[in-house]
């Protein structure tokens, strides 16, 4: 069945905005924390605070994401998406203006409380797709996510601290010296702002019978695009009132559990990677500056986008969605194992040798398969839903569990990294041993 290309493309753009907002601060977050003087000058403690910043977003998201999903089943996807895009714009601006650790926590909390788009976008895609084209509808989510992460990483690495990087343009400005990370945040905030305008003008409602606030009057599908009419499954309004327990079928529980372990491995890798790259060699990392970290993350995003675009649908059609997901979990063994190997080679010569660059390049290439795994997971979760009428609830339940895992993951993994280095536990490698055990568990669960 042909997909409604214009509506699908708009939703993909919103996914790109989400990725950009989550990645723009990663190249400079470690430098930002060091500048706040909360570590007492001990660079080994940076990981504790970076993990807390990352976890704050997911903890607050955990509190609200289910409610956003349920609300989107009732009032429609479009208004919830608009709120999420507005929250992205405001939170990024607040992040750039933050000068204290408390302000950073508040800006990340604002993002988590208002951002239901991570599930509502997928629910809208599920509304528009059917069994004949669901792979095509979801295959570009990892692609858009990686493109967004690439752009966000480049913006964060290249535009941070403009008074030092571009002294001729910004060097004399007290304002930019006072707010060294505002410029990349403002540039990144322009994208969800454009998305908000795009959503207001062109996005059509995908829920068949949304309820409007105006007079509590149920309306029909006046906002539904004609091109998507034939693709929407017949909505059963009564199912939207189904209890949460009734939709927790065995398939939903297994899919959600797999999603949680994939998310735990993914978020741990995402927060450890820039921390590892910025940490001095003698403390277990590679000692790179924010600009170079931004370039590395951007290359990883490009490679991930290439994997998603060229191989995602093909691999899923050849091996099946579930098998591709299992392969994804197994790849994390190599990704986490590469970190201590790179540091070991760097310690030998006290610099980044060609062996380190080779391992890093292999790690970046293999990471692309992980992004395909997330796309496979979205399909498995959508197919596990008892009905499209409760797709928002199913995605909301799964995302609530995932957000809780992601709230624990960054703080625990970065804290364990800092503790491993500070106490020299297993030669500073305890964190990677623990994560490898988590991955083994995930591989086993993926076969259920």
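Backbone N, Cα and C define each Cβ position, glycine as well.
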Out of 252-272, 399-419, let me know the one TrEMBL marks transmembrane segment. 252-272
So which of 80-106, 181-203, 252-272, 323-342, 430-447 has the most C-beta pairs under 8 Å when paired with the transmembrane segment (46-68)? 80-106
Segment-segment contact (the transmembrane segment (252-272); the transmembrane segment (80-106)) at 3 or more Cβ pairs under 8 Å: no
Over the domain 'Major facilitator superfamily (MFS) profile' (7-448), what is the model's mean pLDDT? 84
If we skip the immediate neighbours and take only residues 6+ beyond the ends of the transmembrane segment (292-311), which ones have a Cβ under 8 Å from one of its Cβ atoms? 23, 26-28, 139-143, 145-151, 153-154, 156-158, 160, 273-274, 277-278, 360, 364-365, 367-372, 375
